Amino acid sequence: MWSADDRRFMGAALRLSRWHLGLTGANPSVGCVIVKDGRILGAAVTAQGGRPHAETQALDLAGEEARGATAYVTLEPCSHFGKTPPCANALVAAGVSRVVICLTDPDPRVSGRGISILRDAGIQVEIGLLEEEGRRALAGYLMRKTKHRPHVTLKLAVSADGMLGRRGEEVSITGPLARAQVHVLRAESDAILVGIGTVMADDPELTVRLPGMTGRSPIRIVLDRRLELPLTSHLVRSASGVPVIVASVQAPAFDAQSDPERDVRRDALLQAGVEVLETGSLSELLHELAGRGISSLFVEGGATVAATFFHQNLADRVILSQGPGEIGPGGLESPLKPSDMAANFVMIRAEAYGRDLCFEYERSF
Ligand code: AOF
Ligand code: ZN
């Protein structure tokens, strides 16, 4: 039912939608391309912060010429009155004759209604073009809306012999290109998470540092049961600029008496502008984050944290970068290796970054 041109224009809309991943808050980053006679009249992505939506911007660009045109949108146009009237109504008013939609919107305020508004107005509506790509581009939004948790990406850098490094010693596993990719992945996420062990070992900043990507730093979360995050760490010292959450996950049976200094450390963290979030399980933490509009979580380390997410079935995507060097005996073994990715994952990308290889896996169920 779809032509090569249809695929090309929806592909463009999907690439546009990826551009604002991590920048649109609780709103999905949607792409819209308006086309007539094979020519793009307007193309837009949901604005930073989530408003205006993609369609209204693209229609503004197209102007009067939108009459009789085809609109390609990566998500069903909205049907609810937010700060502005619904996009479905705007498409009707502009007189487009055909709307091609990649995915329907699971938001209960919209789901199916956007499509009805268009069809009732006599517009030809087609649904499902490049659906699989759409599901990847909108993975965070879909996960938050349907499972009420963020979409979780685990990332690990492993040596050729499957090691993460050596205990107490800094070992460089991957080169500059693979490391730059990490910054892109950070930029596309709403939040980054590491374990307290990683903070103690590396004192990371967990910000996005790439030319042209300023102002794109996601909030930073440290899994730190005992609230040991040092006040002198880069994270705490920069907490007024980019928020930091210390997440303490422990079973309800935890005995506060066993650690009398805990409250003192909690107060000091709060004083330093860090938020402390206590939950009884990792799922509960993710639920809480979703409630705050966090759709995508990038889990950067270390081994224990990655293994915990993986074994609790809370990993949706795994990115393994593999460097060419071997660490040898005495190395810190990676909990996940390209050779033993569980049967529940499929590889969707294998790419070379200089001398490193990058494998991307996606949950297959
Ligand atoms: C669209 N085009 O570009 C986006 C849409 O808070 P509001 O009023 O902005 O509405 C948020 C909802 O709008 C969100 O849950 C989703 O259903 C839709 N997002 N819709 O037509 C867009 N970003
Ligand atoms: Zn809209």
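Note: Cβ is positioned from N, Cα and C throughout, glycine not excepted.
Copied from TrEMBL, the annotated features are:
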- Glu55: active site, proton donor (ACT_SITE)
- His53, Cys78, Cys87: Zn(2+) binding site (BINDING)
- Ala157, Thr198, Asp202: NADP(+) binding site (BINDING)
- Arg186, Leu206, Arg209, Glu300: substrate binding site (BINDING)
- 4-126: domain 'CMP/dCMP-type deaminase' (DOMAIN)
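Across the domain 'CMP/dCMP-type deaminase' (4-126), the prediction's mean pLDDT works out to 96. Within 8 Å of the Cβ centroid of the substrate site, not counting the listed residues Arg186, Leu206, Arg209, Glu300, the chain contributes Val182, His183, Ile192, Pro204, Glu205, Thr207, Val208, Ser217, Pro218, Phe298. For the domain 'CMP/dCMP-type deaminase' (4-126), the number of residues in each DSSP class (helix H, G, I; strand E, B; coil) is 48 helix, 28 strand, 47 coil. Taking the centre of the Cβ atoms of His53, Cys78, Cys87 as the Zn(2+) site, the nearby residues of that chain (Cβ within 8 Å, site residues left out) are Val30, Ala54, Glu55, Thr56, Pro77, Gly82, Thr84, Pro86, Ala88, Ala90, Gly114. Cβ-based crowding with a 10 Å cutoff singles out Glu55 as the top-ranked of the recorded positions Glu55, Asp202, Glu300.
Here the candidates are the recorded positions Glu55, Thr198, Leu206, and by Cα distance the one nearest Cys87 (Zn(2+) binding site) turns out to be Glu55. All protein chains shown were included, and the count of other CB atoms within 10 Å of the CB of Arg186 (substrate binding site) stands at 24. Take the Cα of His53 (Zn(2+) binding site) and measure to each of the binding-site residues Ala157, Arg186, Thr198, Asp202, Glu300: the nearest one is Arg186. For Glu300 (substrate binding site), the recorded positions whose C-alpha atoms fall inside a 10 Å radius of its own C-alpha are Thr198, out of Glu55, Cys78, Thr198, Asp202. Taken in sequence order, the binding-site residues Ala157, Thr198, Leu206, Arg209 that lie near ligand 1, meaning a CB under 6 Å from one of its atoms, form an empty set. According to DSSP, Arg209 (substrate binding site) is assigned to coil rather than to any helix or strand.
The most densely surrounded of the binding-site residues Cys78, Cys87, Ala157, Leu206 is Cys87 (count of other Cβ atoms within 10 A of its Cβ). Calculated from their C-alpha atoms, the gap between Arg186 (substrate binding site) and Thr198 (NADP(+) binding site) amounts to 16 Å.
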